[in-house]
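As recorded in TrEMBL:
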TRANSMEM  B:39-63  transmembrane segment
TRANSMEM  B:125-145  transmembrane segment
TRANSMEM  B:165-187  transmembrane segment
TRANSMEM  B:223-253  transmembrane segment
DOMAIN    B:230-446  domain 'ABC transmembrane type-1'
TRANSMEM  B:273-297  transmembrane segment
TRANSMEM  B:309-329  transmembrane segment
TRANSMEM  B:358-379  transmembrane segment
TRANSMEM  B:427-450  transmembrane segment
Amino acid sequence: MVDMAAMGTTMKDMHQTDRNPTMTEPKISAKNVNVFYGETHAIKDVTVDIADKTVTAFIGPSGCGKSTFLRCLNRMNDTIDIARVQGTILLDGQDIYDPRIDPVQLRAQVGMVFQKPNPFPKSIYDNVAYGPRIHGMAANKAELDDIVESSLRRAALWNEVKDRLDAPGTGLSGGQQQRLCIARAIATSPEVLLMDEPCSALDPIATAQVEELIDELRANYSVVIVTHSMQQAARVSQKTAFFHLGQLVEFGDTGEIFTNPRDPRTESYITGRIG
Amino acid sequence: MTSAAFIVLLAATLTGYWLNRRAAREIRARGERLHSLTTYHGLFAALSVLVPVLVVILAWLLLQGPVIDRIVLSGLPDEAIANLDVNERSLILSEIKSIASGRVFGTPEEWKLAAADRLNDLRNLSGWLMVAVSALLSAVILFVTRRRVSAGFRARDAVERIVSGLMIFCSLVAIFTTIGIVLALVFETSKFLSMVPLTEFLFGLNWEPQIPIREGQIAAEGAFGWVPVLVGTLVITVVALTFAVPVGLFTAIYLNEFASPRLRAVAKPVLEILAGVPTVVYGFFAILVVAPAIRSFGASLGIPVSPNTALAAGGVMGVMLIPFISSFADDALSAVPRALRDGALALGATRAETMLNVLFPAAIPGIVGGVLLAVSRAIGETMIVVMAAGLIAKLTINPLDSVTTITVQIVTLLIGDTSFDNPKTLAAFALGMMLFIVTLLINVLALRIVRKYREIYD
């Protein structure tokens, strides 16, 4: 059995966020999603609703399919030849796998930040301006400058790089690079931000900065974050989904999942017995 | 006799292997623990015989000719060769050799016939001596190595030492060959430069190397300025690259990013076949198909086109370079980390935008390296231009005109009547030296760029 009292005290030590998101119409609604990589059945019948202006964490042991499911939400699995997605995923009620939906425009709406910082080998300015440029979001240089500045400000990077916007993005430190990638992702004004283990390549200080940023981003976006760290899920998310062997085992309020899990597998995982 | 010597060598090698392996097996059968496997004992004996005896036989074959020549010459009657120079002596020697091999023309002097007999005797003796020496040496080595077989003998270590020695020798062969070629080029070039001033060669605007090499021959005055030849080479190279670089790059981009796996599976091997077409085939393609086509097209537009155009030779050379550039660019594009591609796609970039803005710039250093290697191939390419480009060195940059290249000139200078004491023939070496320097510089540049590029993602 889990020692509830011990768990509770640990939780109090963490930076607790609001546990009562207003549950309205879900931003993303996935029903009976199955994903196959060739013969491998990677995601099995997952149904989940993701709320707007909320941070939703996907946790689970390695290879459980949480990243794969995340990549379904902006159709990044389309870029893998052998991947096949079944089921429906609705974004604001619109099926994103509908043939009429252009994955290119979908990805502008659903931004993504990757595990390893992957700034383009271009200047900091060009990294952030890349999305707005290809989507024609700025009519002139001044508007583009504004978008770049506000994106960098929201990514809490502006003060560190405002004097060297022409320097290459690859020359920044790891944490700065990841915040640059976040700025790049939010520059296209997405409605949903997907984050695939955004802190796994960062040191604790950079991690804290990014986590703080995620909490601020919640005001404007629906954020979905995949993480290996249960503490991180507890710190930043309001909703948590636990995946195991391609199945969604449990989904609920973060506080609930960590203090009072219903499924024995969830309990085993958060107490460190599996995974 | 040579074949007998090699049979002795082969027999001794096999015997050594068999003897020592059997000896080692006997030791093992007595219950002693061998340091090395029995095969290594056998191999040790075999290699110990093979290497030194082979060296002896080869050295003998190399040296016996000159030694016998010298003995025969010194045996000739003094009055016959007293006042002759080196060339005349070697002429007499050749005559004696042809008599010795049974080809008698006219009625040779008595002393020449005697010398031919002596030559045959010496050759016979030398052959038998070689067989005897190699057999004796083999026997001695077999005896010594057989004595060394024992439980504690480290045959494996010894074999590994011999094999690593052989590997060092093989790598030295390539190095010394390179050094030898460079030295030959430098030597002949310096001879050429003693006849033609360096400034004339480097800055002269006329290339008319067809000078008379015998008196009374009708030929040009002779001018050795390499500028027109260099310009011709560059014109053809530029034509080839303007054709090959865009086509090769687009091929690589298409195959790398857009082609379906099925099309890729067909297109890649076909490109490799294109790379395997012999250049002489490209050559007659250029001269029989492309050049007439360009000519009749030019005629229909009213533009004068010469029969051997730089455009035809360069264009066909460009086709030859397509697979070279496309495979290099494909490698460079594939080496761009997947994370960058994902990052661009996740921002809502289309595949074309991803390629153009992210993958291509990241792959540029590798692509530049490939293009520079293609340049050095284009400059050094010979067969296509020999067949399709002109022979007359004209200082022009018009691709519809006839130009000549460094390689074509080297070929024409060395074909036919040659002798190595006039600037016409030596000019070929000077041109070869310049070609070597130019391609070396380009290769060094290309390798530096490629290496710099590798450091980025490692």
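Just so it is clear, glycine is given a Cβ too, placed from its N, Cα and C backbone atoms.
Keep in mind that what you see is a predicted model, and the values were worked out from it rather than measured.
In this chain, the transmembrane segment (B:273-297) does not touch the transmembrane segment (B:165-187); fewer than three CB pairs sit within less than 8 A of each other, excluding pairs fewer than 6 residues apart. Listed by sequence, the residues of this chain that lie at least six past the ends of the transmembrane segment (B:427-450) yet keep a Cβ under 8 A from its Cβ atoms are 182, 184-186, 188-189, 191-193, 196, 201, 209, 224, 226, 229-230, 365-366, 368-370, 372-373, 375-376, 379-380, 406-407, 409-410, 413-414. Same-chain residues lying 6 or more positions outside the transmembrane segment (B:273-297) and placing a CB less than 8 Å from one of its CB atoms are 305, 307-309, 311-313, 315-317, 319-320, 322-324, 327, 381-384, 386-388, 400.
Below 8 angstroms of C-beta separation, residues 196, 200-209, 267, 271, 310-311, 313-315, 317-330, 333, 355, 360, 367, 371, 374-375, 378-379, 385, 389, 393-397, 399, 403-407, 409, 423, 427, 430-431, 434 of the same chain, each at least six residues beyond the ends of the transmembrane segment (B:223-253), sit close to that stretch.
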